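Visitor: Sharing a structure, written as structure tokens. Questions coming.
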Amino acid sequence: MEEKKKVIFSGIKPSGELTLGNYLGAIKNWVKLQDEYDCYFCVVDLHAITVRQEPKDLRRRTLEILSIYLASGIDPEKNTLFIQSHVPAHSEASWLLTCYSYMGEMSRMTQYKDKSKKSGENIGAGLFNYPILMASDILLYQTNLVPVGKDQLQHLELARDLAERFNRVYSPTFLIPEPYIAKTGAKIMDLQDPTKKMSKSEENQNGYILIMDPPNVIRKKISRAVTDSIGVVKYSDDQLGVKNLMTILGSITGMSMEEIEIKYKDKGYAEFKKDVAEAIINELEPIQKKVNEYVADKKYLESIYKSGAEKANYVAMKTLRKMQKKIGLIPR
Ligand code: TYM
């Protein structure tokens, strides 16, 4: 008998243009996992609306992310690609799990603390509840592994806690998911301030590279990336800027940090940076071309997300019905 494949779930929220961090921390690894696992890759639009979105931009970005998944090599035949809001079980499960979550554990989420600081006086309740929706995404599919960047680890820990709590209160309902963090690229840093993670919400545009940035912009941003006066390409915490550029180069080319150190031993930062920029361009340019083709083919995208939602809906409903039954809700 063929063994049942383990399940992977991951998602990206369409709240801004995607960065090289999203690509190296998430998507590039998904591509490698798709043969071995039963994968659900979602565009988590309901997560994006925890901060105000321009409706037309949200629509455009949602389809652009789906196109980026496809263009990066995620095969829609092998994987389930869908849009979160198309599977109502996510919202329903999220309410149910909200009733098993504590204010204390939620207020400890560092992403919430950071984002709420930026929101001024009126902090959205969605921002606070956001990790519960993420837990629902994961738990509904009886997920074994969640491939994410390091910044999502705390949210994943909460998903595990909620699953264990629910299982304990009732009986085993959810599988307990494990994080899957890539060896390199799990935390790409800001090019201008390498103590912070690269993020699309940063004000200084030179700090991040977008997946859709044209080659000349990539060259410019890398050449302006902060380095140091030490002048040696070395993987060291005393050289955070250089370390980050090495991580980027290594994640793209597969070179180890030692190999990079040896290759650039007697070379200056200018040459090193030039190679980093060209590696990024070589990786992203073919993807960008395909993204533009997919984005223009709305019918094709529709066929992908519709059949994805159908499959996801079937699987998610099974878990949701179990939850409802155990809680004591009358079956529909
Ligand atoms: P989001 O949309 O902020 O980011 C998507 C993925 O990209 C990774 N990432 C990075 N990796 C390395 N370096 C960086 N600088 C960097 N920036 C972002 C993130 O770790 C993530 O893997 N809450 C999630 C989305 C989500 C989700 C889920 C993920 C919702 N439901 C269920 C997994 C499973 C988020 O906001 O990711």
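Using the three backbone atoms N, Cα and C, a Cβ is placed for every residue, glycine included.
Owing to the predicted nature of the structure, the values given are computational and were not obtained by experimental measurement.
TrEMBL lists these features:
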- Lys13, Pro14, Ser15, Gly21, Asn22, Gly149, Lys150, Asp151, Ile188, Lys197, Met198, Ser199, Lys200, Ser201: ATP binding site (BINDING)
- Asp137: L-tryptophan binding site (BINDING)
- 14-22: motif ''HIGH' region' (MOTIF)
- 197-201: motif ''KMSKS' region' (MOTIF)
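Walk me through the surroundings of each of these features.
Guide: Secondary structure at Ser15 (ATP binding site), taken from DSSP and collapsed to helix, strand or coil, is coil. Counting only residues at least six positions away in the same chain, the Cβ atoms of His47, Ala48, Val51, Gln53, Arg61, Lys200, Ser201 sit under 8 Å from the Cβ of Ser15 (ATP binding site).
Sequence-distant neighbours of Asp137 (L-tryptophan binding site) (same chain, 6+ residues apart, CB-CB distance under 8 A): Phe9, Gly11, Cys42, Val44, Gln84, His90. Secondary structure at Asp137 (L-tryptophan binding site), as computed by DSSP, is helix.
Through the fold, the motif ''HIGH' region' (14-22) approaches residues 43-45, 47-48, 51, 53, 58, 61-62, 64-65, 68, 149, 187-188, 197-201, 208-212, 248, 280, 284 of its own chain, all at least 6 residues removed from its boundaries and within a Cβ separation under 8 Å.
Within its own chain, the motif ''KMSKS' region' (197-201) is flanked in space by residues 15-21, 149, 151, 187-191, 207-210, which lie at least six positions past its ends and keep a Cβ under 8 Å from the stretch.
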Visitor: Measure the Cβ-based neighbour count of Ile188 (ATP binding site), defined as the other Cβ atoms within 10 Å of its Cβ.
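Guide: 27, counting other Cβ atoms within 10 Å of Ile188 (ATP binding site).
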Visitor: Check the binding-site residues Ser15, Asn22, Lys150, Lys200 for any whose Cβ is under 6 angstroms from an atom of ligand 1, and report them in sequence order.
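Guide: The ones that qualify, in sequence order, are Asn22.
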Visitor: If you count other CB atoms within 10 A of each CB, which of Lys13, Lys150, Lys200 wins among these binding-site residues?
Guide: Lys13
Visitor: How many other Cβ atoms are found within 10 Å of the Cβ atom of Met198 (ATP binding site), counting all protein chains shown?
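Guide: Total other Cβ atoms inside 10 Å, all chains included: 25.
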